[in-house]
């Protein structure tokens, strides 16, 4: 229909423009190789995030042996510092110029070597004792800064892989699916794991660079200048679907972070599962990886909003079951079910954000090059909230009487861990789902936006044609 309409209105020139739109626009397909390279590029980021989420707290307390107050300050300040860096990095990305390898790719390639060094140092136990707090605080803040320089452009890259919504959702699913994969002994194991993840980070970033092509914005005229950052920021923050989605997943992310960060401590001291927690964590990650294709099929069949409700609600009864029935069999059942919900909480927001950006583009067709604002401020709000929750949860352990290095913790600590694993995250999830009810982009709206964007691309292609520009 688009080809016939442009050809009828513009003759041979219209036909050429239509073919250009078909090649560059809505029916643009990504090869499996490109999707795999995109997924491989993001895999180390998610592996590192999972390792810090599950193990950094207990590592700081029982291996590095800093007290709970210092550990809470490391987690809180590091998360808040990373949150502050997100909009800053987003601002500089919007000001970046297009290069031969794109606008986002140089950021990821440039920060990766330094990111690897900071990550390895984060899991190294220095020989001195008195300055360990400063060591871990410094390298955790440095790691948060560098992972932001990688994560924000990587997330925004989704919008520049293809203009087709289904292709972007598929690439996101590939990415999330690929990503879940005695004291001296623990020190060595943590260092070996950090070194392996660091090496994989370098290799995977290089593979992504070779296999992924970043495409310029097809929605705005080539001659259109970017509007000021402050004006674009105000427009983004006033966009209702973005505000609703961010608020909903802010609460859901806090809940998932609380479960992840306290899970190992809970298994060790509150559920008497310290001999099983490594296998339980592995079961969670494997379940998350395996369920990614399931959620991808589910969101295509029933819609993203329905998938979010089903996937995230699933975790609530099972976490409460583990709190009240802490045995091995229940733990593995909870691990499998938690993996399903973790996969949904990771896949769905990054699959829904491009739909919000598309909706924004329709409302503001001449606002070009500000996709990084959506992603950077989404990460900012969720990181900031997660940092506060992690800091407060570790402080709660301090007030409850957590004994660093002890084989057994006092009863108030056990009770606190049960609250942090059960009632608290469930309350946050319920609030998040209630906010998500207000999310306005249904499947009908998404399909309507897709048709409107195809029409917008055809108009922009006509405006960018040589004859129009000369006129």
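The backbone N, Cα and C atoms fix where each Cβ goes, and this holds for glycine too.
As recorded in TrEMBL:
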- 104-125: transmembrane segment (TRANSMEM)
- 137-161: transmembrane segment (TRANSMEM)
- 189-212: transmembrane segment (TRANSMEM)
- 242-267: transmembrane segment (TRANSMEM)
- 279-298: transmembrane segment (TRANSMEM)
- 318-351: transmembrane segment (TRANSMEM)
- 372-400: transmembrane segment (TRANSMEM)
- 420-441: transmembrane segment (TRANSMEM)
Report the listed stretch (104-125, 137-161, 242-267, 318-351, 372-400) having the maximum count of Cβ pairs within less than 8 Å of the transmembrane segment (189-212).
104-125
Honestly, do the transmembrane segment (242-267) and the transmembrane segment (104-125) touch, with at least three Cβ pairs under 8 Å and pairs 6 or more apart in sequence?
no
What stretch, picked from 104-125, 137-161, 318-351, has the most CB pairs under 8 A with the transmembrane segment (372-400)?
137-161
